[in-house]
Amino acid sequence: MLISELAFEWLISLALVMTCAAPVLLVGLFIKDFISKTIW
Amino acid sequence: MTEFALETSTGITIIILFGVFWVAFGYWLGRKNRTHEDFALAGRNVGFAFAAATAMATWVTSNTTLVAPQLTYQFGIWGMIGYSFAALGLILFAPMAKRIKELLPNGYTSGDFVRLRYGNLAWLVFIIISVVYAFGWLISLGMAGGILLESLSGLDYHIGMTTILVICVGYTLFGGMRAVIATDFIQALIIIVGVSFIAYWLIDNVGLESIHSNLTSEHPKLLDLLFPAAVMFLFNNIFFGLGEIFHSNVWWSRALSFKKGVAYKAYLTGGLLWLPIPIVTGFIALAAPQLGIFPPSPDMIGPTVAAAVLGKVGAVIVFIVIFSALASSLDSLLAATSDLVTQDIFHKKLKPKASDKTLMRFNRSCILGLGIMTWLLCLPRIATLGALLNFAGAFVASTIWPIVLGLYQRRLTGSYAACAMAFGTLFGMLGYFVIGFYVAALVSCAVSGLICLVGIMRSNKQFDWNQLDEGEQIHADK
């Protein structure tokens, strides 16, 4: 049973969107920690 | 024109620039280390942003960037999905990290826990497993460094491998855990941005539809959802990932170095951030057949495809991404393994009254020693990365049940825990050689679980959790 083209496209696109969101989240968390002086 | 994507001189320039930066950054961060606790656990005060980034970045190893494409190339769609399921290890470790922080407020290592919870026999088996795994991982990382430089720039394998080891040992030696975690944050950003860029470029230029139709007609097995060996690999990889994270001091020392209340959410966030990365890196390999790329060694598939599609820019990005992935794991492993040797063997067994200064000096010597031993073991290129990695699965999966039950169940005793780890490993290795690498972790975990179950049913002892807190271990400098 082969994966359908639609499922394949969704799988790769969703993974890419999630990966792209990660640096935004990490930088946001860093700024928050930096402002509240809780980095270390 | 050179046959490699990068000029050798460009590769050397990148590695020197990054190397100088990481070592200088490590030195700068290391200035704040006053005690051994500062050096080994960053003062137990790491905030959420760095904690989440280090959990994610450490789990993005050379294996995620080199082996995930390799497995996708061999097992197709299940190769990358199976690899991404290793995120379960980080996600399930989140509640355990919280529990570890509560039960061992002054603990240093995973070995500390096994010794206090199960006694010396189980501790010995655990240390052997930990050391075998740590060296397996260290060697696979060192080898990946050499392979990367050689495949992309033509630089001799031995010179590339040596350079990467020297850089990572350098900044870990100067900065300790603080340097490891801070560099992980920057390396995490580099890895994610680089990987996303390559995948986006590939989709934009080759197209998802085109890749799918080419695979359907030429290599349908790679899109097969019922590929038996691949389905087996999926489950094997879940247990392998759980074993790696649950037992390794890399993850325990992080849990212990995070601020109170941070460990649970940091591991959960790190796991969710990591989940899509093997799919993105694995996808790159699926474009290989269409591009007419058939590399001599399957672990070079990812870099080769990226370089072929993006040219020199792609080669530079892949180079930097894999170098960051290597460094983020290599530094963590060097720091965590040297902590394990310093705390569990030197401090607890050989010199219980060692001063803080002595412990710090010994820890640094350990980092250097581990670096040299890894270098020696990497000199012969002994196996493909995937094979080396999966061999370790037989070892680590045997620790899953003893660790989980040790944290939450009072009845499992040390002798059963030791047997579970020893026989789990033996049967896992048997599975590896008799059936294949894709069952090693499964067999190991099943045998170990069975022995633990018998142990719980037969035991009438109740472990006292208070025995896990040894109190603060401060020895005045002499």
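Heads up, the Cβ atoms here are built off N, Cα and C, so glycines get one too.
TrEMBL does not curate its annotations; it predicts them automatically.
Pulled from TrEMBL:
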type	residues	note
TRANSMEM	B:12-29	transmembrane segment
TRANSMEM	B:41-61	transmembrane segment
TRANSMEM	B:73-94	transmembrane segment
TRANSMEM	B:121-149	transmembrane segment
TRANSMEM	B:155-174	transmembrane segment
TRANSMEM	B:186-203	transmembrane segment
TRANSMEM	B:267-293	transmembrane segment
TRANSMEM	B:313-341	transmembrane segment
TRANSMEM	B:362-382	transmembrane segment
TRANSMEM	B:388-408	transmembrane segment
TRANSMEM	B:415-433	transmembrane segment
TRANSMEM	B:439-457	transmembrane segment
When counting Cβ pairs under 8 Å to the transmembrane segment (B:41-61), the leader among B:73-94, B:155-174, B:267-293, B:313-341, B:415-433: B:267-293
Recorded stretches the transmembrane segment (B:313-341) and the transmembrane segment (B:362-382) touching, at least 3 CB pairs under 8 Å: yes
For the transmembrane segment (B:267-293): best-contacting stretch of B:12-29, B:73-94, B:155-174, B:415-433, B:439-457, by Cβ pairs under 8 Å: B:73-94
The transmembrane segment (B:388-408) touching the transmembrane segment (B:121-149) per 3+ Cβ pairs under 8 Å rule: yes
Whether the transmembrane segment (B:388-408) meets the transmembrane segment (B:186-203): three or more C-beta pairs under 8 angstroms: no
Folded-back contacts onto the transmembrane segment (B:186-203), same chain, C-beta under 8 angstroms, at least six residues removed: 53-54, 56-57, 60, 65, 273, 277, 280-281, 283-284, 287, 305-306, 309-310, 314, 317-318, 320-321, 324-325, 327-328
Distal contacts, the transmembrane segment (B:439-457) - CB-CB under 8 A, six or more residues away: 232, 235-237, 239-240, 242-243, 390-391, 393-402, 405, 409, 411-413, 415-417, 419-421, 423-425, 427-432
